[in-house]
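Structure first, then comments.
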């Protein structure tokens, strides 16, 4: 059982590794803070089919986003990761506001499979349990004062 699970995880890393994580530091809709946009793009408590789940993101971006990762955890749990030790962001060495999760979380990786027509974006789904790295910043005035530091970018999954 262990070799099969290990092999599956290696295959998933090989699949996801070169693709990276298309992060939330791309243009965001003006009406949202970076933390709000992070939540819309990456927090989803229960797994949904990617084609359905991506509709909200694509509606705001007015395009079919190539790939996206949904963490099946709470915003509060990701905020807690912001309290972990600062590190250089793996995907952007000029940023030093990243934080590595201490526990793996269930996630869904969505990959655009069909032609990118905004009226019909079709995605494949890959489920996994993985660690993640997020960039965090001080909250925007539009964010809840409950959290002084908030996640703003999903840098990578490991």
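The backbone N, Cα and C atoms fix where each Cβ goes, and this holds for glycine too.
Values in this document were obtained by computation on a predicted structure and should not be read as measured data.
Listed in Swiss-Prot:
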SIGNAL    1-27  signal peptide
CARBOHYD  34  C-linked glycosylation site
ACT_SITE  42  active site, proton acceptor
MOD_RES   60  3'-nitrotyrosine
BINDING   65, 66, 67, 68, 69  substrate binding site
CARBOHYD  86  N-linked glycosylation site
CARBOHYD  92  N-linked glycosylation site
CARBOHYD  111  N-linked glycosylation site
ACT_SITE  153  active site, proton donor
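Everything Swiss-Prot records as a feature, shown here on the structure.
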residue : record                       : DSSP class
34      : C-linked glycosylation site  : helix
42      : active site, proton acceptor : helix
60      : 3'-nitrotyrosine             : helix
65      : substrate binding site       : coil
86      : N-linked glycosylation site  : coil
92      : N-linked glycosylation site  : strand
153     : active site, proton donor    : strand
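If you count neighbouring Cβ atoms within 10 Å for each of the recorded positions 67, 69, 86, 92, 111, the highest count belongs to 69.
The 10 Å shell around the Cβ of residue 68 (substrate binding site) contains 23 further Cβ atoms across the protein chains shown. With respect to Cβ neighbours within 10 Å, the recorded positions 34, 60 differ, and 60 shows the lowest count.
A 10 Å radius around the C-alpha of residue 68 (substrate binding site) takes in these recorded positions out of 42, 60, 92, 111, 153, in sequence order: 42, 111. Candidate recorded positions: 66, 153. Fewest other C-beta atoms within 10 angstroms, 66. Calculated from their C-alpha atoms, the gap between residue 69 (substrate binding site) and residue 34 (C-linked glycosylation site) amounts to 16 Å. Note on proximity: of the recorded positions 67, 92, 111, the one nearest residue 42 (active site, proton acceptor) is 67, by Cα distance. With respect to Cβ neighbours within 10 Å, the recorded positions 42, 65 differ, and 65 shows the lowest count. The glycosylation sites recorded for this entry are 86, 92, 111, and the Cα of 92 lies nearest to that of residue 153 (active site, proton donor). Ranked by CA distance from residue 65 (substrate binding site), the glycosylation sites 34, 86, 111 have 111 at the top as the closest. Cα of residue 60 (3'-nitrotyrosine) to Cα of residue 67 (substrate binding site): a span of 15 Å.
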